[in-house]
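Below: one structure, written as structure tokens.
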Amino acid sequence: MHIRGTMSRVPTLASFEVRYKKSFGHKFRDFIALCGHYCSPIKKYIFPNFIAVHYFYTIVLTLITSILLYPVKNIRYIDALFLAAGAVTQGGLNTVDVNNLTLYQQIILYIICCISTPIAVHSCLAFVRLYWFERYFDGIRDSSRLNFKMRRTKTILERELTARTMTKSKTGGTQRVSRPGKSDKRDDFQEKLFNGEMVNRDEQDSVHSSHNSRDSNSNANTNSSNNNSINHNGSSGSLDDYVREDKADEVEKYHGNKSYSSVGSSSNTATDENISQKLKPSSLRFDESQNKRKRTGAPSEKFAKRRGSRDITPEDMYRSIMMLQGEHEGTAEDEGPPLVIGSPTDGTRNMDNGSESKSAPTMNESKIRIQDKGAKISLDQDSVLHSSNSSACTSDEDSLPTNFGGTTPSLSAKPRESSSGPIAFTEGENADRKQGPSIQFNITKPPRKASKSKRVSTMDDLNPRSIFPHQKKSSKGYIMKHLPKARRIRQQIKRRLSTGSIDKNSSSDALDRGLISGLNDDDDGNEGDNMEEYFADNESGDEDDRMQQSEPQSGSELKLKQQQQHQLQQNLHRMYKTKSFDDNRSKPVLMERSKTIDMAEARDLNELARTPDFQKMVYKNWKAHHRNKPNFKRRGWNGKMFEHGPYTSDSDHNYQDNGNNSNSIVHYAESILHRDNSHRNGSEDVSSDSNETTYPLNGNNDHSQNDANGYPTYNDEEEGYYGLHFDSDYNLDPHHALSSNASKNYLSWQPTIGRNSNFLGLTRAQKDELGGVEYRAIKLLCTILVVYYVGWHIVSFVMLVPWINLKKHYSDIVRSDGVSPTWWGFWTAMSAFNDLGLTLTPDSMMSFDKAVYPLIVMIWFIIIGNTGFPILLRCIIWIMFKLSPDLSQMRESLGFLLDHPRRCFTLLFPKAATWWLLLTLVGLNFTDWILFIILDFGSTVVKSLSKGYRVLVGLFQSVSTRTAGFSVVDLSQLHPSIQVSYMLMMYVSVLPLAISIRRTNVYEEQSLGLYGEMGGKPEDTDTEEDGDCDDEDDDNEEEESHEGGSSQRGKSKKETKKKKKRKENENPNEESTKSFIGAHLRRQLSFDLWFLFLGLFIICICERDKIKDIQRPNFNVFTILFEIVSAYGTVGLSLGYPNTNQSFSRQLTTLSKLIIIAMLIRGKNRGLPYSLDRAIILPSDRLEHIDHIEDLKLKRQARTDTDDPMTEHLKRSISDAKHRWDELKHKRSLSRSSKRSTKTN
């Protein structure tokens, strides 16, 4: 074939360009990025963190609002600035009556208040982080969607497999049990290698079994047929005997000598031990002759005599090294089966039986010879080892294996035949090998899964002389275990997956059912076992092979068997030609799954789950079977809610599929994975690890529940949106967290989570995936926040506007103040929900002290608009999580928000912190309410109201005192102690929310300046000082006790203090919750107190004349302090001044008003998080640096505690209190007993 010397570069297809049109959002993001680029110096030095930005936003918005209010010229500018500051900060203090403002000014205050509330500000921060995610992570929207589809596909597959495995484990127990006394393979190999007993690592299990069974060889063959015939029925009582007899036959075939047969029925060999370890595909072996093996009476490679470990020649060491290299050497995918070169004397190996050698059967016929019972079998080692799973190999790509007979077929290629011809099977136990050294293909055996098929026992099964049923079952089992597993089939299957050309029509189903009907023509009472044998690669075929060997066969039986095999070959050929590998059988069988995760299978599942067509197929199939079906939930093995599988009893394996395609996807994926594993793993047996311990997945024996169509249902809980996933780097530990809560469904890997949702030790790929999940969670959260904020505004005025228009008495009061009732409803609803505290009526809410409905409605909106917002937000997300569709993208994002809220939003807390916040709010409001009822229930200010109204007024005032600032009674007329309590409540109003924000910070320890191993370092010095003082006190008390003669009392005190010290020193590395809460409180006090007293000091200087004026007794220092605390707490409550409707601030000078404005702005920033908070840091290199520091810090710690510290501290306190109470009771009992004894004496 001539090749041109030059090549043309002219393209065959004309290139064309499609210009990308940017959307409005993309252009807007580009504009923001351009502005940020030019303003980067300002952003870096003037706005280094969120707190600085918040200060700038508050001050600028206050100035803009004042500028918008002043042009009307009906108020002074200082009053406009004061009103603007009150609206921006929700302070609620007014120096003018709001009803005297124009509608324009009222609308400005309305809008400014709505865009400056804490909910609005933090929601804007969430939108900024969402934008920054899209700019920082390239293509995060598409990658997060693809990762979600991959996780969903893997979850569906693993749920199916796990449900079936759990069902089988409940009915049949564990699959593999590790027996005590088993030695490690590596240690056993090294010991026998240097003792001179064995060199080949692959033979260690068989030799180990043979050494343990030398004394029971005489009973092995006699017990074989009986045990096989009994265990063939699946009897649990004789299952171990059957497995041991199976191993005995394999070892006998392996060594070709009865003296090396395996243990009999009385052996204690473990049921899960594989006797014959298969040779590696890369190994090259020379077989020894049969006569030499009989003379030596030892395995193929063994030293002539036992010798010490020091008598090792270089040849022995070289051979051992080569063997170790072969042990770990992998096989490439394109490599074929390895060659096994037998010795020239193997041709005379089988001459003892006196039978003639038979020629290999052709492709259209099969000759089978069954050896007489008790006859000696001596075949090639690899042909025996891999006889049960040998696959046919032909040169034609479309050809199929057409010969399926005999118990131990060995695939051999004759030297004199052409390499292009087909390679025939050598049947019978006496193959002619006189031509010389034979070259054999070592067909690797796929992993063998233990099978526990349960069938109804019949007399035919129990009769060892019933030959024909076993022959039929053996042929079918042998056929199903020899389906084509070549590389070209895998490639065709993968090509079908990638192109989405999977045949799901009824024709393929009919063809598949036709095939299975052909397989089940001769029923022997175990329908569906063939499918299980094919997919699970169980050991039932070996059992049938032995049963075939136990009885002779006549010519008619052989002829009938050949006809059956020919018919099966045609069915298989049709199935292979149509590429119908779906498992849509009429009677699918529950496959037995291993409790361990194969790493190679996990990698295949990861690749398969990323295929788009396979994802669509799996999800469409799953969705079709979960539409409009009830969920039956039940407590499972780990205490969690999980859904049981579709199998309700042991005998219900052959359930009716009703034409559904529910399990076909799982069978399809399993069949691909099993075929891939058979070639990838070579001769490695996954279940052959003798030291592997399998734990039962379910301790109870409750029958599972299923839906109407027999399909398993699932439902996830809030605290565990769980699912089982494959991870190539994941090692299943028996004591791993998977036993109690599985890997999170929003991640494809098992995360290591530290304190406050801090993910540790992430790789770049894991960070990208976690960033995608966090991005989608923030995106959903932004939608929820907008609906929450706008929706509750709408609900609030919808509830108040109709009421004020229907109540003529109250509408007349509003009209008398010059305000429309409808506008009053809108304004009051906004003021209550945003905690502004300003009303359009000059006396606040005093005119509505008997209006029950608006007071109750306003109580609700005051709470959910400020301190109760995090509680209600988490409740809404939890309800949405419960109602969201299973395996949906929304459910995944909601689950992430519930598990890791502080990574996404500053005002969304974990479950424990939310409960603590709720208890704190209820406790504070209840305390104020009780104090009002106790101290002012009979005062003159509420004497005109009935008792019921007094209780309601007290409740409304206690709720408004902490946040809103509405007044339903004249506060100056209340009891002085109530005024003091209200002032304290105004100061601590924001503390529960602020402490919750800061103690749930992901970087809480770094924000407090703690970089060591102990979290309680701020109080370590105090502890040491206290300890020194205790030592001094102990010494002094001891001296006094000796001087005063009361040494016993001093010793008891000393012992109790030593016990306290011992308790403190028991857990030196334990994080101190009190130190964290104390550090937060100390920081807050250091932030607040000096500024409060500085403002009070300046105002007292400015108002000294008014304070000293005797004619103005209400102008005093306490009233000024009450006003300052109200402004600093952004509450808006005021004691007022006699004969005025405005706040007390109206009586202050201009400079004092500026101090109050500064208090409002400073107090607005009290509830903000620290500058080092993950929820306010944008994705950048700085964030990665902080994460790196956190990883290094947590790696030095002995453990990471993910429990809520406040809850743990409360539990420890309660346990300590109980312990002290028990000690006190014990001491009292001892003292009483001593007194009684003294009285009796």
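Note that Cβ sites are derived from N, Cα and C of the backbone, with glycine treated the same way.
Record features, source Swiss-Prot:
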type: TRANSMEM; residues: 49-70; note: transmembrane segment
type: TRANSMEM; residues: 78-98; note: transmembrane segment
type: CARBOHYD; residues: N100; note: N-linked glycosylation site
type: TRANSMEM; residues: 107-127; note: transmembrane segment
type: REGION; residues: 162-241; note: region 'Disordered'
type: COMPBIAS; residues: 164-177; note: compositional bias 'Polar residues'
type: COMPBIAS; residues: 181-191; note: compositional bias 'Basic and acidic residues'
type: COMPBIAS; residues: 199-214; note: compositional bias 'Basic and acidic residues'
type: COMPBIAS; residues: 215-238; note: compositional bias 'Low complexity'
type: CARBOHYD; residues: N223; note: N-linked glycosylation site
type: CARBOHYD; residues: N227; note: N-linked glycosylation site
type: REGION; residues: 253-316; note: region 'Disordered'
type: CARBOHYD; residues: N257; note: N-linked glycosylation site
type: CARBOHYD; residues: N274; note: N-linked glycosylation site
type: REGION; residues: 329-570; note: region 'Disordered'
type: COMPBIAS; residues: 345-365; note: compositional bias 'Polar residues'
type: CARBOHYD; residues: N353; note: N-linked glycosylation site
type: CARBOHYD; residues: N364; note: N-linked glycosylation site
type: COMPBIAS; residues: 366-375; note: compositional bias 'Basic and acidic residues'
type: COMPBIAS; residues: 380-411; note: compositional bias 'Polar residues'
type: CARBOHYD; residues: N389; note: N-linked glycosylation site
type: CARBOHYD; residues: N442; note: N-linked glycosylation site
type: COMPBIAS; residues: 520-545; note: compositional bias 'Acidic residues'
type: CARBOHYD; residues: N538; note: N-linked glycosylation site
type: COMPBIAS; residues: 561-570; note: compositional bias 'Low complexity'
type: CARBOHYD; residues: N584; note: N-linked glycosylation site
type: CARBOHYD; residues: N660; note: N-linked glycosylation site
type: REGION; residues: 677-714; note: region 'Disordered'
type: COMPBIAS; residues: 684-708; note: compositional bias 'Polar residues'
type: TRANSMEM; residues: 784-806; note: transmembrane segment
type: TRANSMEM; residues: 819-840; note: transmembrane segment
type: TRANSMEM; residues: 844-864; note: transmembrane segment
type: TRANSMEM; residues: 868-888; note: transmembrane segment
type: TRANSMEM; residues: 904-924; note: transmembrane segment
type: TRANSMEM; residues: 929-949; note: transmembrane segment
type: TRANSMEM; residues: 977-997; note: transmembrane segment
type: REGION; residues: 1011-1073; note: region 'Disordered'
type: COMPBIAS; residues: 1050-1062; note: compositional bias 'Basic residues'
type: TRANSMEM; residues: 1084-1104; note: transmembrane segment
type: TRANSMEM; residues: 1117-1137; note: transmembrane segment
type: REGION; residues: 1222-1241; note: region 'Disordered'
type: COMPBIAS; residues: 1226-1241; note: compositional bias 'Basic residues'
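Comparison of 78-98, 784-806, 904-924, 977-997, 1084-1104 by number of C-beta pairs under 8 angstroms to the transmembrane segment (819-840) places 784-806 first.
Contact counts against the transmembrane segment (977-997), taken as Cβ pairs under 8 Å, peak for 904-924 among the stretches 844-864, 904-924, 1084-1104. With a cut-off of 8 Å on Cβ pairs spaced 6 or more residues apart, the transmembrane segment (107-127) and the transmembrane segment (1084-1104) reach fewer than 3 such pairs and are scored as not touching.
When Cβ-Cβ distances under 8 Å to the transmembrane segment (78-98) are tallied for each of 784-806, 868-888, 929-949, 1084-1104, 1117-1137, the top count falls to 1117-1137. Residue counts for the region 'Disordered' (1222-1241) by DSSP state, with H, G and I taken as helix and E and B as strand, are 19 helix, 0 strand, 1 coil. With a cut-off of 8 Å between Cβ atoms, the residues of this chain six or more beyond the transmembrane segment (1084-1104) that come close are 987, 991, 994-995, 1115, 1117, 1120-1121, 1124-1125, 1128, 1148-1149, 1151-1152, 1155-1156, 1158-1159, 1162, 1166. Proximity of distant same-chain residues to the transmembrane segment (784-806), defined by a Cβ-Cβ separation under 8 Å and at least 6 residues beyond the stretch ends, is recorded for 114, 119-120, 123, 126, 814, 821-822, 824-826, 828-830, 832-833, 853-854, 857, 861, 864-865, 873, 876-877, 880.
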